[in-house]
Amino acid sequence: MASYDVIVIGSGPGGYVCAIRAAQLGLKTAVVEKMKTFGGTCLNVGCIPSKALLAASELFEEVSHLDGFGIEVGKPTVNLEKMLGHKSETVDANVQGVAYLFKKNKITSHQGTGRIVGKGKVEVTDENGKTETIEGKNIVVATGSDVARLPGIEIDEERIVSSTGALSLNKVPKKLLVVGAGVIGLELGSVWRRLGAEVMVVEFLDRILPGMDNEVAKQFQRLLQKQGIAFKLGSKVTGVETKGETLKASVEPAKGGDAETIEADVVLVSIGRVPYTEGLGLKEAGVETDERGRVKTDGHYRTNVDGIWAIGDVITGPMLAHKAEDEGVAVAEIIAGQAGHVNYDAIPNIIYTMPEVASIGKTEEQLKDAGVEYNVGKFPFSASGRARAMRATDGFVKVLADKKTDRVLGAHIVGPSAGELIQEFAVLIEFGGSAEDLARTCHGHPTLSEAVREAALGVAKRSIHI
Ligand code: FAD
Ligand code: NAI
């Protein structure tokens, strides 16, 4: 029986990074993956394909609006097949990259579904039903998450789709109905709106992007509406009639009331994701899960069963690839006897729309709820020379700093390159920096990052350019 120091179940960003770090630390490591390719949700049907389509559709939209720069081009058209080809090429390059890294780091891969069948034992069943049992001193569960379903609405991935189907539609729908104004709904809704679909988003709550800073979410909703996305907040989809050529969705006020029918060619269900532990044998192994099906861990990724660890989407915390990766590194280091650690106050959250939205640390609402006194510094991109030159002046940078200590507690950006700019705050927060530290740091001119510095200056009410 093959025997390892570490067996990682799942090769998503959590699992594959954990395996590489474990191998770097000299541990004999194996990965069990049930899909044909490595990389998990993120590389195959998540982060990477969605960003390929976001990039392509963004270019299509930009090319249609170049006249402001004095550039006149004919009306562009979309070759969807080629665009989807670009997406597939991007995915292939990334999943092959992981296979290369496994080889380079001498990580053994076992293709098949893994099930814990006893202390330190994992049974791997391949697609032909052939089984093999492998042995490991440590088992890391990194099995990720799956789409949350709406009761009574069956996802066929053609007309009623999850994000997976929405990444592969073979024709631009005339009308796309998105259920859930979260990250997937707004990113993929943006893709298909740019390519020509009429998009309506139905959201249960009375706001979009729950959890994001409210001021940012409000401004972002206004910008999306200006782009042509329609919102129906405080509403829920209770059923979809699939007979006939057009889908007919029943939409009711969340608080109850009369239903209305909204027609669509495609319905995207994006109401969240749930931890994936099916067939893993956790119950039989005695591993505890919580009320939402997440594997319970202590602060160091240990489950209640000795030798079994868990990381990524399958445990508590934001369902983000970089969070899973950092946990992968941390758990490998802990297993190797080092002090692996993740700072959950410094995990950025980015929405890759146009403009982008990015956030880190606490929101104003969270600080108010916790009774923490804070100062706010804000700077609009309309006052940035670089943003004006780029004709990308929508949005702002907002910094929240502790009133007494000036330590930066949170930062929220809606605007051009927000996803890159937020990383300045990630470093600052990681180092326990203050708004003054950032305000005193020389920033290149003319760059968008000057807006970050100006917002930090704004905390002490001394921005220069506003
Ligand atoms: P996963 O990536 O889900 O990997 C789990 C792996 O385990 C899978 O390959 C699965 O096949 C395998 N597995 C499961 N059970 C078994 C078993 N019993 N045996 C063997 N193998 C098994 N996050 C970001 O940070 N940025 C983004 O831009 C972003 N975009 C996204 C876009 C979409 C459309 C979606 C759906 C998600 C996106 N995410 C994004 C979220 C991100 O994909 C997840 O947070 C991340 O993939 C979680 O990593 P993981 O390793 O925990 O799990
Ligand atoms: P989400 O949790 O971001 O948003 C789901 C939305 O659906 C919420 O606004 C919720 O209130 C709403 N909702 C729930 N039930 C509803 C109902 N019955 N009717 C109408 N609305 C309802 O989930 P989403 O967008 O599916 O994404 C899943 C996860 O994937 C996210 O948690 C995110 O972490 C990750 N992701 C990250 C991305 C990124 O980092 N850029 C991109 C895409 C996904």
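Every residue gets a Cβ built from N, Cα and C, even glycine.
Note that TrEMBL annotation is computational and uncurated.
Positions annotated as domain 'FAD/NAD(P)-binding' by TrEMBL: 4-328.
Annotated disulfide bond per TrEMBL: C42-C47, in sequence order. Reduced to three states, the DSSP call for C42 (disulfide bond) is helix. Cβ neighbours within 10 Å of C42 (disulfide bond), excluding its own Cβ and spanning all shown chains: 24.
The secondary structure of A321 (FAD binding site), as reduced to three states from DSSP, is helical. Here TrEMBL flags K51, G114, T143, G144, S145, D313, M319, L320, A321, H322 as FAD binding site.
In three-state terms derived from DSSP, G182 (NAD(+) binding site) belongs to neither a helical nor a strand segment and is classed as coil. Look at TrEMBL and you will find G180, A181, G182, V183, I184, G185, L186, E187, E203, G272 tagged as NAD(+) binding site.
The domain 'Pyridine nucleotide-disulphide oxidoreductase dimerisation' annotation in TrEMBL covers 347-456.
In three-state terms derived from DSSP, H445 (active site, proton acceptor) belongs to neither a helical nor a strand segment and is classed as coil. Long-range Cβ neighbours of H445 (active site, proton acceptor) (same chain, at least 6 residues apart, Cβ-Cβ under 8 Å): G385. According to TrEMBL, the active site, proton acceptor annotation covers H445.
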Just checking: which of the binding-site residues G180, L186, M319, A321 have a C-beta under 6 Å from ligand 1?
-> M319, A321
Residues among the binding-site residues L186, E203, M319 that border ligand 2 - Cβ under 6 angstroms, in sequence order | E203, M319
Row K51 (FAD binding site), column other C-beta within 10 angstroms, all chains, value 14
Rounded to the nearest Å - Cα separation of K51 (FAD binding site) and L186 (NAD(+) binding site) | 13
C42 (disulfide bond) versus G182 (NAD(+) binding site) - Cα distance in angstrom | 17
Which residue counts does DSSP yield for the domain 'Pyridine nucleotide-disulphide oxidoreductase dimerisation' (347-456) in the helix, strand and coil classes, in that order?
-> 40 helix, 33 strand, 37 coil
If one measures from the C-alpha of S145 (FAD binding site) to the C-alpha of G180 (NAD(+) binding site), what distance in angstrom results, rounded to a whole number?
-> 17
